[in-house]
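What TrEMBL lists as ATP binding site is A27, G28, A29, G30, S31, G32, K33, T34. Taken from TrEMBL, the feature domain 'UvrD-like helicase ATP-binding' covers 6-289. Per TrEMBL, the feature domain 'UvrD-like helicase C-terminal' maps to 290-558.
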Amino acid sequence: MEKLMEGLNEAQQEAVVSTEGYIRVVAGAGSGKTRALTHRYAFIVNELGVDPAHVLSVTFTNKAAHEMRRRVKRLIGGEQDTGFITTYHGFCVRVLREDIHRLFYPKNFSILDVEDQKTLLREIFEDMELKMNEKTFKRLLDKIGILKGNTHYVQQMIMRGGMPAADEAGDLDGQIIQQYLKKQKRVYGLDFDDLLNFVFVLFEQYPDVLSKWQDRLYYIQVDEFQDSSLKQFELVRMLAQEHENLFVVGDPDQTIYEWRGADPKYMIEFEEFFPGAQTVFLKENYRSTPEILSLGNALIKNNYFRVDKDMLPVHPPGVKAVHYHGKNDREEAKWIVQQIQSLVEEKQARLSDVAVLYRAGYLSRNVEQELMAENLEYTIFGGFKFFDRMEIKDALAHLKMIAAGDDLSFSRIINVPKRQIGKKRMAFIRQKAEAEGLSYYETLKKYEDHEQLQRTGAKAFIAAMEELKERKKELNVSELLQEAMQKTGYEAYRREDGDQERLDNLAELLHSIVQYEQTLGEDIDLDEYLQMISLYTDHDREERMDTIKLMTIHTAKGLEFPYVFVIGMTEGVMPSVRTIRQRKERGLEEERRLAYVAVTRAEKALYMTESEGFQNGGQKKYPSRFIFEVEEDLYERVGGLDPALIEEAEDYIRASHHLKQEAPQQGFEKGTRVHHPVFGIGTIQSIDEKKNTYLVFFDNLKAPRPISRMFKKLEKVQ
Ligand SMILES: Nc1ncnc2c1ncn2[C@@H]1O[C@H](COP(=O)(O)OP(=O)(O)OP(=O)(O)O)[C@@H](O)[C@H]1O
């Protein structure tokens, strides 16, 4: 018990031992949420004696889940199964693996990523003899996404005996989408949207399945709750209904996925959803210097729709944040690289202590060029995903063939290396398979002696696959991969091809599997491994050696770095003019939260940079309003900024978005009793006209809080 509480402050300890009921932890950046969650999990297992099979812990990314499992293992010992530390999607897969047969799908259904989705579309385009291009694919995938916004379409997919014929009357897109669903069903593939939707349908149609899970999960905890969507919220709410133990952690100021359906209201109005819920605040910030924190606090205060909460620094003072203004983007990039060089030389910072963050991927180009010119190693995180690379997808397709023998994997590797099974022979296989209700692989086996398949590598391929399948049980995943690469001739083919980078990537894949097997200390079987990999998303970053880290702010969520450069802080880029156009104030506030997430990643030093010139669309560049919103004494300005330019920028900001902050003011008077969704009931002590805030003394808090007069959820108590 003592060991569990070691290194936790009082509020964290309270969170750890609060196991019963509905509890929300509202915590700012760097306040040790993740640490509290990990220890709470261990507390439930070690001190309450509850088996991990009864505890669901939902994280935002697979990577976060993996990290948490690793840390939990250290606290509870390596033997226990921690499979329920997972993402929403990972959890849905668990549910479906047990009971999807009730919806007439096999338990070894496959999971489709974007590449797989495109492969299906490509086949349809070929069949319908349509011209294809990336743009059409994207449009169709967006449409499919919209269709899957609710669960109606699932009925169609789970109907027994195949899907109804495509609606002849529908437009071309409609017909393609019908074909797509049909193909999806043929390969029993579920994409990310389907995973959640199928679970909802399963729970709805089979209440016994829902109650099995409700029974099983005594404790549920959710990380990054502010970024949960309605569906995700509904899922945990449903699961928690029986035991009523739901513990959520989040920071409403870090909601950055509103554009994708995230809604911080489940966090902010938690008490309304769960009357009597308990709230714990974590206020100390263990990450950043007081200088960085003040800047973050000052920035986020400009948001109206928020719960006011300052973070308190634990670390001693450090250096002031810096705003660098360059005359052009080359100069900006050069300055950044010089700073990095001197950090490395003087302060003995390592390259990997430095992160360069930006609003959008294209902004990294200048810095990259400069880094290359100076021979500084860097890694772009979340860029071209490791698992999207051709050779990695090929290798994994081999494993999938061994595990499930699915058609997608088959199509991917049957002719790589060349086995003389090209388009024509594939069409033969496809046609036979569809006619006879067999998989492509089964068809190949059945017709291996057919004249169509004479003089091909079919027999050798089948022999290799059959041998691998037989040895699946005795070998672990890394050994199996090695064998597969050799037996099928894939490795030899890659060697002949001679692309060293691809060979390195394959070696890296093998290495990552070995490492995974070792750190987890659990025997992991092929199916489990493939499932984990197929759930990897953009958010899952790979770690590399000592290199500078470049990534978008979205990717940096949840991470921390000693030295942070937030670059391209130009009006129209950050905040993004597109977001503001589409979502007005709400969009602007989300952009500000993004900036807040960016600056609060820094531990020791923070640099915000931007430069003059013109944007891609020809618009003159001005410094971001987010820089002007922060009091000037909170940062040091380097590079000089012409007062005339500041004035121009301010005019531009005012004129361009018509976002004068004139939301209706509430006219509460001093002394009014008010209700606040998080802090409860309190009295207005004074009104600050200049800052447009009420100072409210809440009955449950020791000190008063400034609450914006625009905050709509402050209500008069009748
Ligand atoms: N009680 C504590 N004492 C000392 N250090 C702590 C304590 N709690 C957390 N930390 C450290 O503070 C840093 C931030 O913690 P953590 O990543 O858990 O914060 P977080 O709230 O999840 O952050 P964010 O929301 O910004 O992603 C980590 O380096 C962690 O090790």
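Cβ coordinates are placed from backbone N, Cα and C, and glycine is handled just like the others.
Sequence features, as recorded in TrEMBL, placed on the structure.
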{"residue": "A27", "record": "ATP binding site", "Cβ contacts under 8 Å, 6 or more apart": "K33, A36, V249, G250, D251, F281, L282, K283"}
{"residue": "G28", "record": "ATP binding site", "Cβ contacts under 8 Å, 6 or more apart": "D251, D253, L282, K283, N285, K309, D310, M311, T600"}
{"residue": "A29", "record": "ATP binding site", "Cβ contacts under 8 Å, 6 or more apart": "D251, D253, Q254, N285, R287, S288, G296, M311, Y596, V597, T600"}
{"residue": "G30", "record": "ATP binding site", "Cβ contacts under 8 Å, 6 or more apart": "N285, Y286, R287, S288, M311, E560, T600"}
{"residue": "S31", "record": "ATP binding site", "Cβ contacts under 8 Å, 6 or more apart": "D251, L282, K283, E284, N285, Y286, M311"}
{"residue": "G32", "record": "ATP binding site", "Cβ contacts under 8 Å, 6 or more apart": "L8, N9, Q12, L282, E284, Y286"}
{"residue": "T34", "record": "ATP binding site", "Cβ contacts under 8 Å, 6 or more apart": "A64, M68, D223, G558"}
Query raised in the report: So for K33 (ATP binding site), how many other CB atoms are inside 10 Å of its CB?
Result: 23
Query raised in the report: Setting A27, G28, A29, G30, S31, G32, K33, T34 aside, what same-chain residues sit with their Cβ within 8 Å of the center of the Cβ atoms that define the ATP site, listed in sequence order?
Result: D251, L282, N285, Y286, R287
Report summary line: When pLDDT is averaged across the domain 'UvrD-like helicase C-terminal' (290-558), the result is 86
